[in-house]
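Summarising the annotation, TrEMBL assigns compositional bias 'Polar residues' to 759-772. Annotated domain 'Ig-like' per TrEMBL: 11-111, 118-205, 228-311, 326-422, 428-519, 526-613, in sequence order. Residues or ranges marked as domain 'Fibronectin type-III' by TrEMBL: 624-725. The feature domain 'MAM' is assigned by TrEMBL to 732-909. Under the heading region 'Disordered', TrEMBL lists 759-781.
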Amino acid sequence: YVFIICVISPPTVRIVHSGHACNVEEERYTERVYTIREGETLELTCLVTGHPRPHIRWTKTAGSVSDRFQDTSVFNETLHIAKILRHQGGRYYCKAENGLGSPAIKSIRVDVYYLDDPVVTVHQSIGEAKEQFYYERTVFLRCVANSNPPVRYSWHRGRDVLSQGSDKGVEIYEPFFTQLQGETKILKLKNLRPKDYANYSCIASVRNVCGIPDRRVIFRLTNKTASPSIKLLVEDPIVVNPGQTVSLVCIATGGEPPPTLTWSSTSEKLPEKSVVKDGTLTLPAITSEDAGVYSCIASNNVGNPAKKSTTIIVRALKKGRFWITPDPYHNDDNIQIGREVKISCQVEATPPEELMFSWLKNGRALRSSERMVITQTDPDISPGTTNLDIIDLKFTDFGTYTCVASLRGGGIPEISIDVNISSTTVPPSLTVPRGKSPLVVREGETVELECLVSGKPKPIILWSRADKEVLMPDGSMQMESYDGVLRIVNVSREMTGSYRCQTSQYNGFNVKPREAVVELIVQYPPAVEPAWSEVRQGLNRPVAMSCRVLRAHPSRVLRYEWRLGSRLLHAGHFDTRDETEYTVRTLTREGYGEYTCDIINEAGAGRCTFLVTGKAFAPEFYYDTYSPLWQNRPRVYGFKLQWTQMNPDAVDRIMAYRLGIRQTGQQRWWEQEIPVEGPIQKGELITYNLTELIRPEAYEVRLTPITRFGEGDFTIRMVTYSAPINPHLREFHCSFEEEPICMFTQDKNDNFDWTRQSAATRDTKYTPNTGPSGDHSGSKQGFYMYIETSRPRKEGEKARLLSPTFNVAPKNPYGITNPPAYCFGFYYHMYGKHIGTLNAFMKQKGQATSDASPVWSLTGNQGERWRQAKISIHPTSSFQVIFEGIRGPGIEGDIAIDDVTLEEGECPDPPSNRMY
């Protein structure tokens, strides 16, 4: 192994694509656009360089600001979306960062193409009657289809294409108020003629982009075509009792074509239990939640939809309450003989107009009189309220008064409210019991705040925060209590503060509220930092640890205890400082372990934990090695493994690395030690060559640093066998061993395809006396590409294989003055008496495949062996190389290629079969 100094570098990033792209425009308004059909698979890969290995994150921004990050982030190199939907279009960003310099960010815009079925809507205008027998009738047919890219529309009458100017009675136009180009196309039929009654088809097309076929809709226009009309066979409103079944019947009374009937409600969604059949909506076992406006809508795409609505009201009586109002002309709040007193009673009633009240005294019906006046309050001031005014209270008026609320329609249980008027009926008072304020509790406990309420009757008590406008523990601004107790479970530190209890007018006296305040103090153990920290240090060096208090209640009288394991090292009390330190001057082997610092108050302890270790940090594999893989024997390959050491000076010197390697799918690790001479520098690149790896197996490699403390943190990476497939490297090599065939693609405009094959996988019925018996290296397992010339292939048919696009980097910013030279090489096998022609082309950016001229060509039988071709090429812009196999006169004409290379610089050997 060898050492190379400092390879630490900030990240770079590039996005490459696979998946089902229809088209990728590399430079369009300075952004890359990836076009894909809805339902296909999107696959984007982020290729990064940089050391240490950058972390990758994919994010997506959509069109609107509110929808900015609608997809969750993806943290692996390849972003894979199967069956992509239209809303998943947008700009995708790949961000790579490794803590050095600025993060590297690249983006690509994904355009999802789709075409929905078009919809035709029809509008009619009938002119004024002239002499009562002639009128003008004009019909507008509007065609709309959702799509990306914009649609082109065409109209047909029967089988005839309609175009502007082809018929005087027809106009075709786009309305000027449309927002998007191609949003709609309107067909106007002026002064309807008999021949205008016909079948009209609208064809929506995106010109077969992404292979999306045209879509068609047919509308039949007759002299009966009319917009819909409907009728609801129900009352409005419908008043029902809970539990009843309600059926809303809607029928279409007109419309051609026959309209479709749908139901909606004010709550947008219909109740789950509802059943819709043939325009009838049935709501079984109705409840108050089902009340609201229900609408029947009829649509047939002619004119505007017809809509009729009805309101369902579900009878209900809820929340019965009362209050007593003492004589307003006296200052005190007591009830006394000879004074006026008013009893009020309130309920929530649906529908309010059906509400009826009656009053009883000691169980006997009570009627309004001069001294006992029964009234009902104006619904706008206090809905659902009745009052009993006793003008001049006498001793004989003491007793139990009952107000009974009912609904005129019946079927709903009555609500009865009893109010006792006697010499013991007194207004309320509130006190906080002795010792119940301030209340001191610990976080997590259950606490009861208490206000003693006296008086008869006892009113409802309302609890709220007195010190600030914040919510109560249940999330409301105010909580009710019938016994004056507020119970809080699992109390938290945010609940510290003042709580107000006050009487409500309900079920008590309608007087100025009585109130009291309870103070709550929540104690909690200290919150400290760091909660956990790892400290790496070598032997005989100092270690300093510090534990800081962030919050605590009570915050005074804090003490601390430092321990190593269970052994107490140091203890004391805080003065004015908020942190405590502990230092180990010289670290020994016994000094490694878990140190804890407990900071303690009355409520408990907060703990800082420090793991002091001599473990070395993990090595960081270097992934940007130039041509790390080599092969000098057919069955085996070698791999140049490179890494740097993270924070090499943090602990004792690394003396060796333990290298573990195992074949994928196997259990057993093979291990060996790699000794290290002298100290390792930060960023220093260490290289070790792995040999005798079996092709094409993948391997898991584990690397562990070793110091005198012992083993450090290990790192694992995969080593896989594949030909380099990144066309932007200075050297390109493809031996077709992997299924993606190095991003080569088949031409869609030729007669047949090239086939990937190895001698071990070929058909037993292969044609003898043609084609290779192994790949270029002689391996039966190795793959190559070939053209199969057996039937049904015919003489002269062509198969083309296109390489990925290679970028030519300009040496100066003003373009390429001296075109760079590349050496393009490959092996070919042309054996058989019917061999046709093998051509190699160079196609530059902007050139059509048919315009590219061959840079190399060979025809006829060349014998049963692999031969090498090398050609110097001089592209001036990004380019592709193309292999074209042409079938000869018979079946013994298989042509094969293997080991395609592209290297910077002129070819060292004289060019072979160069075309001039």
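Cβ from N, Cα, C; glycine included.
TrEMBL entries are annotated by machine, without manual review.
On the 0 to 100 pLDDT scale, the model's mean across the domain 'MAM' (732-909) is 85.
Secondary structure counts, DSSP: the domain 'Ig-like' (526-613) has 3 helix, 58 strand, 27 coil. Secondary structure counts, DSSP: the domain 'Fibronectin type-III' (624-725) has 0 helix, 52 strand, 50 coil. Using a Cβ-Cβ cut-off under 8 Å and counting only residues 6 or more beyond its ends in the same chain, the region 'Disordered' (759-781) has close neighbours at 631, 634-635, 695-696, 735, 789-790, 827, 829, 831-835, 866, 891-894, 896, 898-899.
Counting residue by residue with DSSP, the domain 'Ig-like' (326-422) contains 6 helix, 48 strand, 43 coil. For the domain 'Fibronectin type-III' (624-725), the most Cβ-contacting stretch among 326-422, 428-519, 526-613, 732-909 is 732-909 (pairs under 8 Å).
Look at the compositional bias 'Polar residues' (759-772): DSSP puts its residues at 0 helix, 0 strand, 14 coil. Residue counts of the domain 'Ig-like' (428-519) by helix, strand and coil are 3 helix, 43 strand, 46 coil (DSSP-based).
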